[in-house]
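Record features, source TrEMBL:
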- 35-54: transmembrane segment (TRANSMEM)
- 146-163: transmembrane segment (TRANSMEM)
- 169-189: transmembrane segment (TRANSMEM)
- 210-227: transmembrane segment (TRANSMEM)
- 233-253: transmembrane segment (TRANSMEM)
Amino acid sequence: MTTYMREINERYMSLSKGVDETIDSWFLMNSPGPVFSIVALYLMIVLKIGPTFMKNRQPYQLKKIMVAYNAFQVCYSIWMCRTSWRESRITDTLMSKKCEIHRTREQSLALYSGAWFYFFSKIIDLLDTCFFVLRKKQNQVTFLHVYHHTITALFSWMYLKYAPGEQGVVIGILNSGVHIIMYFYYMVAAMGPQYQKYLWWKKYMTSIQLIQFVLIMAYMVTIALKGCNMPKTLTFFFIANTMIFLYLFGNFYKRTYKTKNGGATKAAIQAANGLGCIPSKAFLSQGDQMKRLIDNNNNTIKSTKAE
């Protein structure tokens, strides 16, 4: 038993040792314990404790908090983009055939520091789900949402701990840029119904996410083909998870937006089947036309009430 415990302790200590002692001394970076504990607590809160706590309670009204939180996220993401661009030699990283760019110790620490702030932003992002729970929006606590938040927190920690360097800068800049757009949308949405008319571009956010994942995957594959000094296991883990994100976000886009476009047609098919007949193309076309007429009528009524 003693030998077994000693072996476990030795393996844990090996995981606690990263590539740089300075990084190991930073907050949450000494060992895997703290970040895994945070993620485990997050999962318990959003999947079990939170829903149970809110079961017999009214949703919390968090309008001001949500606006402030999302405004902070926009500013933080802008700062992250600016810092990453300034501290990295992004053009050299993308164009060079070599994987590693020569840096002084001071320049390397500045790059590592930016990576830590990026990792910490993923810990802050976990609050997104907590707000859903407190507002009783449990339908938005989907597998896609929880998986994405969980993996990105662990993903960014592992990168900083075991493979910090130029390779992660491109991903950080891309992701922070997407977050500027995403949290700006959430900020405007949190301001109230009167601002909904400015959010016509909602569906394009998922498209932007998908483009981001395609670019990230292409970049990670390039790193793998170059034979960069990055653990292959970690590289393939990143590629595999990016593919999972592509599938999940693509499925979400298809289910959310493509299904809505065919909503009237599906309703017509179901109604016709219930009557024991097969709907014709003309009938289905009329169903879509009827849906457009109803939508136009509803918009007219809303405009009249607003006046």
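Glycine too: its Cβ is placed from the backbone N, Cα and C atoms.
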Quiz item: Restricting to the same chain and to residues at least six past its boundaries, which positions have a Cβ under 8 Å from a Cβ of the transmembrane segment (146-163)?
Solution: 18-19, 23-24, 28-29, 32, 35-36, 38-39, 42-43, 46-47, 112, 115-116, 118-119, 122-123, 125-126, 128-129, 230-231, 234, 238, 241, 244-245, 248
Quiz prompt | Same-chain residue ranges lying at least 6 outside the transmembrane segment (233-253) that approach it to Cβ under 8 Å | solution = 142-144, 147-148, 151, 155, 158-159, 162-163, 203, 206-207, 209-210, 213-214, 216-217, 220-221, 223-224
